[in-house]
Structures are given as C-alpha cells and as structure tokens.
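Beneath this line is the structure, given in structure tokens, with notes to follow.
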Amino acid sequence: MAILVIAEHNNAALAAATLNTVAAAKAIGGDIHVLVAGQNVAAVAEAAAKVEGVSKVLVADNAAYAHQLPENVAPLIAELGKNYSHVLAPATTNGKNFLPRVAALLDVDQISEIVEVVSPDTFKRPIYAGNAIATVQSSAAVKVITVRTTGFDAVAAEGGSAAVEQVSGPADAGKSAFVGEELAKSDRPELTAAKIVVSGGRGMQNGDNFKILYALADKLGAAVGASRAAVDAGFVPNDMQVGQTGKIVAPQLYIAVGISGAIQHLAGMKDSKVIVAINKDEEAPIFQVADYGLVADLFDAVPELEKAV
C-alpha cells in the first residue's frame, strides 16, 4: 500500500500543512510519497525529502503548475494517483480546489477534512459545524482525502532522506489563466500557523478599534483573526476570518475578544489548546468552550492586558 501526499507550498518553501498531512498518511500506514508540483521547486523538493516518514518525492516542475490552477494540477494528480491506494492533500484553499476534481477524474467519492484515521478505509470527520463526528468508510480503489491539519500533530521536518524523482504530466489545459495576486505583508505570524491567535468579533464595533488587538498581538507575537460578523461588517478583510467558512486554527492559545461564539466560529477554533474569552455578556456561548473567561468591557480589559504583558 502506497500513499501519495500532495505538498502545499509557494514554489519557494514547503508549508507546515504538509507535515500534518504526512502525519495522517503515517496513521494510515504504508509507503509515503510526496508530490511537489510547481515551478522552480527544487528547494521545496529538497525540504520534502527531509520530512520524517517520506520515502520518495515526486517533482513535477512546470510553469503550468506554478499557481496550482486546478485545471492543470488535477489531471497530473489523477494520472499519478491511480497507482496509489490513497491520495491526501491538506484541506487548504488549494487542496479544496483541486482534489474534488481529482476524485471526479478517478470516478470516486472524496472524503473531506478527516480528523482521525480509524483504519486504512475508515476515517472520522466533523459535521454540523463540528458538533458531531461522522465515521466514514470507503471501498474505493483509490481513496481521495483532504486532511484537516489541526486534527494531526505535524511530523518532524528533518530526519528523512527520501529519493527524489522527476515526473511529467499533462501540460497547460488552457482552460484558465493566472492573472495576478496581491499579498498582504505583515510581521505577524500567518494565521493558521501561529502559536497564539487574538481574534475580534462584532463587539469591536469598528475596524479602527482592532488597533488595540494589534497592540496586544504584537507583544505576544500573535496572529490576529476575526469572526465572520466582524468581516461581514467590513471591520477587517476576509483573510482574517476564523470559522467554518474561514480558516481553521488550533493554536496553543486563542484569545477571543468581543466574540459571542456562534457555532460557525467555534468550528474554526475549538481545537485550540487554551481558549480565553473576553466579553461583557456573561451568557455568550463562547464561555461554554473557554478555559478562562473574563466578563468585562473589552475596551477596558484589553488595554490593561496589553500593559501587563
């Protein structure tokens, strides 16, 4: 039994989500191969070869794969994937984009966002915004799976010495083109990789008030997130959204400020190791999942906390 893991990367560096996905592959059992598809990805392939538990790295270096356009990447993965028992990818924007197409090309059902491996054909995944866990069994010859990375502890990034093999695949399908992207520059950690996250909700009242969270986050070395209510209100951009329809995080410390705790938000952060809630409404649902709660006006509490840090 061999498992193909699709590497998450930016053509320059291997993303941490790949390490969690390899951990899921190890739980399944079998030889683990990693596919690095992109442009000028030698450094990524080198990093993937060092990952604990990986026995082979497949490298598809082609301009057609540079931006992970699903119309180009999916046929490549499907062509390679038919020789494996499992194809795994992190449940990231890219993974959620191309892997359903891979499943369709292989004529199998996809299993989405697993958080536990029961056996090589049986997996657990959250449903109902994380309020229930479904056990799913697949009889497909090739099991196509996205992995919720917060469900698996990352394997070591060093210690492996996998063989590296060049592969080729279908060229540019010509069905879509990459136009451009705007990258937000920040000295703060990336939201899904941060060990500490400070998030604000509707209680922040406006975007300008997020500056008190930024001040606290900078002292803690934390990333800053937001609830959907704050994003929908235009307080902050949607790349800061934590929740079922945003980013899934599981930091060592999650500080929820002015967040009521709708189930959609809880689905994105309830696996955090320690949850601290600050809200003036003592009946707010967020207190039901918080390890520590402070019933207070956030505009008094957060500046005091920032001064004390």
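Every residue number used here counts from 1 along the chain in the order it is shown.
Each residue, glycine too, has its Cβ placed from N, Cα and C.
Annotated features, as they stand in Swiss-Prot:
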type: BINDING; residues: 253-281; note: FAD binding site
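All features noted in Swiss-Prot, drawn onto the structure.
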residue : record           : Cβ contacts under 8 Å, 6 or more apart
Leu253  : FAD binding site : Lys195, Ile196, Val197, Leu220, Ala222, Ser272, Lys273, Val274, Val276
Val257  : FAD binding site : Val198, Ser199, Gly200, Gly201, Gly203, Met204, Leu213, Ile278, Asn279, Leu298, Val302
Gly261  : FAD binding site : Ala277, Ala284, Pro285, Ile286, Phe287, Gln288, Val289
His265  : FAD binding site : Gly201, Ser227, Arg228, Val242, Gly243, Gln244, Ile259
Met269  : FAD binding site : Val197, Ser199, Gly225, Val242, Gly243, Ile248, Val249, Ala250, Tyr254, Ala256, Ile275
Asp281  : FAD binding site : Ser260, Val295
- Task: For Ala277 (FAD binding site), just give me the three-state DSSP call.
- Result: strand
- Item | Cβ neighbour count (within 10 Å, all chains shown) around Lys273 (FAD binding site) | 11
